[in-house]
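Peer 1: My questions all concern the structure below.
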2 protein chains.
Amino acid sequence: MTEPLPQGAVIGILGGGQLGRMLSVAASRLGFKTCIYEPGGDCPASHVSNYHFQKPYEDEDALRQFAEAVDVITYEFENIPTSALDVLDGLKPIRPGREALRVSQDRLTEKDFLTNLGLKTAPYADIPDAASLKAALDTIGAPAILKTRRFGYDGKGQARIMQTSDADAALSDMSGAPAILEGFVDFSHEVSVIGARGVDGQVACFDPGENVHQGGILRTTTLPANLSAAQRTDAVLLTGQILNALDYVGVMGVELFVTPQGLIVNEIAPRVHNSGHWTQQGCSVDQFEQHIRAVAGWPLGDGSRYADVVMENLIGDDMDRVPELAQDPNVSVHLYGKAEVKAGRKMGHVNRVVRRD
Amino acid sequence: MTEPLPQGAVIGILGGGQLGRMLSVAASRLGFKTCIYEPGGDCPASHVSNYHFQKPYEDEDALRQFAEAVDVITYEFENIPTSALDVLDGLKPIRPGREALRVSQDRLTEKDFLTNLGLKTAPYADIPDAASLKAALDTIGAPAILKTRRFGYDGKGQARIMQTSDADAALSDMSGAPAILEGFVDFSHEVSVIGARGVDGQVACFDPGENVHQGGILRTTTLPANLSAAQRTDAVLLTGQILNALDYVGVMGVELFVTPQGLIVNEIAPRVHNSGHWTQQGCSVDQFEQHIRAVAGWPLGDGSRYADVVMENLIGDDMDRVPELAQDPNVSVHLYGKAEVKAGRKMGHVNRVVRRD
């Protein structure tokens, strides 16, 4: 399929969280329907989609019916079981493609991919066993961080090694899962670039934002980021390099550490990204519409930034602040319709616009 | 109910067209679910809502189930059968309230209401029969326009009387429906104000836009409108007067003719309005979110305008221009997902933003 999807076409989305929700809304704006595949019921994306396959990822029949019901398949999270992808593959286009998923599903593969592109990453080593962890700590040194190679997000599946004597405890935290050791990077701050690449190879990047995390969860993204013009250019160019190397179609989030020695790639996410939510109030075409445009074979939209924005996640009890936030004329509220407030759960976000005079 | 609706509450919307669609999207942004009541299948609003009662307005059981399923009832069109409203009344709050519907469903009642408020309208007369039409034409003169009192929209149910000899043909066009004769107003242009009133009586108005119609259908709305500061103030004040007189809750569209003798009210619509679509790109809180905020008992949002905008409707074959429009960096595309393109059918709209330097 190289023709743009017509009005009324159905975009299949694997995953039914808030990212799928905002993708569905963007798809509706362009006249598309959406079909969500998500095992959980009453999920945020299902509230604003045409169809919801509430089925496990192991249900091959349901996956085939899903593929039958849609015109293109995309996803809101990268940890889709390979077996599910194997069923879907060839039935309908999967965008972004499987190579992007293969690379980003495994921290070791991802680091190797980035290194082979000539990009800088944190020092890292494959940790198949206890012996390799000791050897790697000799080279990389402590403090360092041990992470499962697969299925980590929001700080989960990670253990810090402050001194070499922490090694055994950290390894046992991995519960036998394949792991990777990453050295600490002495960075001043983290930024991210939300990049997009169309079916035709066109690349567009949003302005880099500056991220602040708390407890492993993104807290705020501030635009503009504190970057020199040269760093800004570097950030955008390396994002384009990654997108092209993967023959990527869609939106990608690229997290970067800013150091005196240059930009270091922390990780890539083959999907719309929490640090790109500011685009809803800062750009004509936000990251969600940009992603839908790309996977639907439309031309990419204009992502140039017209306002300064601070995006703040509403996590757990932050929801108590909504009545007050709703009265602030500079704040746009975005809630995800999650039934239950839990500590550490992303319930919504706000974009605070700083008007330029 | 005076407490704001909580997360996960369900907003019931009568009518499933593009206005219901964009209301649903706005409701999702605030964490609400929506339930559409619309006899037609595959309607634009159902694509982005949780539930769709695909039932006729005469189905009293279905109406009761609908009321049971929702926390508040609103609507996207004013011509809801009175019998359906009678069933729903008292089961759940209807916002805007029935008085607004009673007044706006009948052109004669509406003109009387406006006149009693001290506002100017076109000269008008009740036309129960042929004799009254002749008498009214003696007073009002030709050209004039004969309209059905109820169920008119987009120029339907109207007949022009260019000279008194057209009277019989015009009256027969009404097919016996109660009618009203309206004199022509010598106006330079039409503007509209999108006003909002909260449960607490708070009133907020968007900046007036200037409307251009073609063949009885809105073609463009341009911001800012060509108005003096005094006219702008008048337009906003009279909108507030109408909202307060109706003890209104929600968004209302007020169409005004601009004449050398002042502003003349053309008509009022107790709902979000096509001439308010520009707010999606010109304001932090657009008319759809403003309406949802009001009916959900939230504080009204900030509707101050931060950009100049030209909204253009995409009607029928205008859809052929979408590929080109999608590439214009100043254009935001909004499509309604209607399966079939028909002449005169509103298929979508674009907002062209004129950046302020």
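Cβ coordinates are placed from backbone N, Cα and C, and glycine is handled just like the others.
These numbers come from a predicted model, not from an experiment.
As listed in TrEMBL for this protein:
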type	residues	note
BINDING	B:Arg107, B:Lys147, B:152-158, B:182-185, B:Glu190, B:His213, B:266-267	ATP binding site
DOMAIN	B:111-296	domain 'ATP-grasp'
Peer 1: With Cβ-Cβ distance below 8 Å and at least 6 positions apart along the chain, what are the contacts of B:Asn266 (ATP binding site)? List them in sequence order.
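Peer 2: Listed in sequence order: B:Thr121, B:Ala122, B:Val185, B:Glu190, B:Glu255, B:Leu256, B:Phe257.
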Peer 1: Pick from B:Arg107, B:Lys156: which of these binding-site residues has the biggest number of other Cβ atoms within 10 Å of its Cβ?
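Peer 2: Counting Cβ neighbours within 10 Å, the top one is B:Arg107.
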Peer 1: Including all protein chains shown, what's the count of other C-beta atoms within 10 A of the C-beta of B:Glu182 (ATP binding site)?
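Peer 2: Around B:Glu182 (ATP binding site), other Cβ atoms within 10 Å: 21.
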Peer 1: Would you mind checking how many other C-beta atoms are within 10 angstroms of the C-beta on B:Val185 (ATP binding site)?
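Peer 2: Its Cβ has 16 other Cβ atoms within 10 Å.
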Peer 1: Looking at the domain 'ATP-grasp' (B:111-296) alone, can you tell me the average pLDDT?
Peer 2: 94
